Amino acid sequence: MDQIYLEYTFKVAPIAQGNEILIAELGYAGFESFVENEEGVVAYIQKGEWKPEILEDIQILESDLFEITFDFKEIEQQNWNAEWEKNFHPIEVDGLCTVRAPFHEKPTTKYDIVIEPKMSFGTGHHETTHMMIQFLLKNDLKDKKVLDMGCGTGVLAILAEKEGAIDLDAIDIDNWCYLNSLENVERNNCKHIKVLEGDASLLEGNKYDVIIANINRNILLADIPTYVNCLNEGGTLLLSGFYKDDIPQIQERCEEFSLKFIENLEKNHWVAVKFLN
Ligand SMILES: C[S@@+](CC[C@H](N)C(=O)[O-])C[C@H]1O[C@@H](n2cnc3c(N)ncnc32)[C@H](O)[C@@H]1O
């Protein structure tokens, strides 16, 4: 696929925590690939996804705790596979689930998920994916009907099928994620996942026992009413993609629709929240 990209080079001080927060925020703003170096981060975004105000919501750039400068230029296509192979290490969650690439050794954990992410979000490295995996590992998914909204690489739907879910929809608005999820579903021999390209408007008339959505605060606030409409009585809603400070707003929205807050997980200021219908 021949695409033109913009390459942003950020110099970050102090680098350790700054890089981590910056990458997380850029990921949510639409940047697709990151290479860390000794000065900071180089981040890539497709020209078609770019808009002049792309950095407007990147809160760390306004923070007094970090000094961040940047530069950007247009570039020819990269060898993305080589980049991620260099940077992608297997991830193990709670000793039960490994997310790895095809070229890594087979693990001994109960669940083994093989992902070739290329540029999609969802390798288990991000806090939000990690916590959603933790939630899925703690929940009984046997014979459940599951929706994975904003599926990225498809990693969460794939785990849900491996845990026994029998009927799954995995939806992403982004064409690249849709195609990548299709590939990963096949790579993991999943037979019950239907991958769709689109958004919450595809959900009308569907019913699920478990809905997983790791997207971002604003999309979740807008789409929670649709999710609730699709949730069976007694069903579970697992949300992530936002910070601890956003919990009250998300909780209030869910409670408007009579969902009950059960618990939240937290990792580096990111959270994942569980509600019951
Ligand atoms: C943070 S990633 C999560 C990926 C994966 N589920 C995970 O947990 O690692 C969010 C995904 O949501 C998708 N997305 C953004 N807005 C969306 C929307 N309105 N409806 C469906 N998917 C959306 C993005 O393309 C992206 O792949």
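Glycine too: its Cβ is placed from the backbone N, Cα and C atoms.
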If TrEMBL gives Thr129, Gly150, Asn214 as binding S-adenosyl-L-methionine, which of Asp172, Asp245, Asp246 does it give for that site as well?
Asp172
Cβ neighbour count (within 10 Å, all chains shown) around Asn214 (S-adenosyl-L-methionine binding site):
26
Three-class DSSP secondary structure - Thr129 (S-adenosyl-L-methionine binding site):
helix
What's the number of neighbouring CB atoms sitting within 10 A of the CB on Asp172 (S-adenosyl-L-methionine binding site)?
27
